[in-house]
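As recorded in Swiss-Prot:
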- HIS155: active site, proton donor/acceptor (ACT_SITE)
- LYS159: active site, proton donor (ACT_SITE)
- GLY9, PRO10, ARG11, GLY12, ARG13, MET14, GLY99, THR100, THR101, ALA125, PRO126, ASN127, PHE128: NAD(+) binding site (BINDING)
- LYS37: NADP(+) binding site (BINDING)
- 178-190: compositional bias 'Basic and acidic residues' (COMPBIAS)
Amino acid sequence: MAINIIVAGPRGRMGYEAVQMITKEDSFRLVACLDHKHDGLNLGELEQFSDDLQVPIYTDIDSCLKQHQADVFVDLTTPEVGYKHTKTALEYKVRPVVGTTGFTDEQLSELKELSKQQQRGCIIAPNFAIGAVLMMKFSKMAAKYFPNVEIIEKHHDQKLDAPSGTAKKTAELIQDVRESQKQGHPKEEETLPGARGADMDGMRIHSMRLPGLVAHQEVIFGGAGQTLTISHDSMNRASFMDGIRECVNQVMDLEELVYGLENLL
């Protein structure tokens, strides 16, 4: 039986790729889309999509969820609306799969509680690329032996949040095995504010935003006489589709919120 899916943000770069992937999967059925405009139109009426995509577009999430019996709500929007979408989907007992980052700890706690109350799975993944998830796992392994580490994340210049959710998640995983410590010279001084990057438990995180980039990260470890670099590069957004496909399938069997694709692999 096909899984009925709603996609929020279909005209974005990630959303467009997700629509293409979902409509090619025999076990998935795209029943509706949520967008901030084009209410009442079908996807096929928009220039970037195939004419035969007769999938209705809504601008109001309540109307969308009331009109369609969806199993999964895939949100690929922005932090400003992603939290509201996720919360509303759970209230309608629809399982969210969320690629939007930038949620606060308080928002995540609220969504975890709501997911349990509704007995509906929810997956929030800072990164859907399988390679990026492995990079985070390998970084956690390396941090046991190399506690001095800095993270450099590079993204396209339209990304709104910094540092990226992937960088923060990587740092959180490293925190699990690394004692808090200040890195660098104890008397170091920034002659330009922010030159040393963001400080997370003594680790430094540096964010780059440039046109031409998609999603890239290096985790650089330093030790006596050696360095170790673990890196991942997404060359295009097709790299995220295997992760989204996996999440859509697995969220159907969950009854609580899972944060991070690494917890499903």
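Glycine is no exception: its Cβ is also placed from the backbone N, Cα and C atoms.
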Quick one: pull the CA-CA distance for ARG13 (NAD(+) binding site) versus the residue listed as 'NADP(+) binding site', whole Å only.
16
Mind tallying the compositional bias 'Basic and acidic residues' (178-190) by DSSP state, helix then strand then coil?
0 helix, 0 strand, 13 coil
Nearest to THR101 (NAD(+) binding site) by Cα distance: which of the recorded positions LYS37, HIS155, LYS159 is it?
LYS159
Given the recorded positions ARG13, LYS37, HIS155, LYS159, which one's Cβ is surrounded by the fewest other Cβ atoms within 10 Å?
LYS37
Could you state the CA-to-CA distance between GLY9 (NAD(+) binding site) and the residue listed as 'NADP(+) binding site' to the nearest Å?
10
Spatially, which candidate from the recorded positions LYS37, HIS155, LYS159 is nearest to GLY99 (NAD(+) binding site), comparing Cα atoms?
LYS159
List the binding-site residues among ARG11, LYS37, PRO126, PHE128 whose C-alpha is within 10 Å of the C-alpha of the residue listed as 'active site, proton donor/acceptor', in sequence order, or say none.
none
So how far apart do the NAD(+) binders GLY9, PRO10, ARG11, GLY12, ARG13, MET14, GLY99, THR100, THR101, ALA125, PRO126, ASN127, PHE128 get, largest Cα to Cα in Å?
20
Provide the number of Cβ atoms within 10 Å of the Cβ of GLY99 (NAD(+) binding site), excluding the reference atom itself.
26
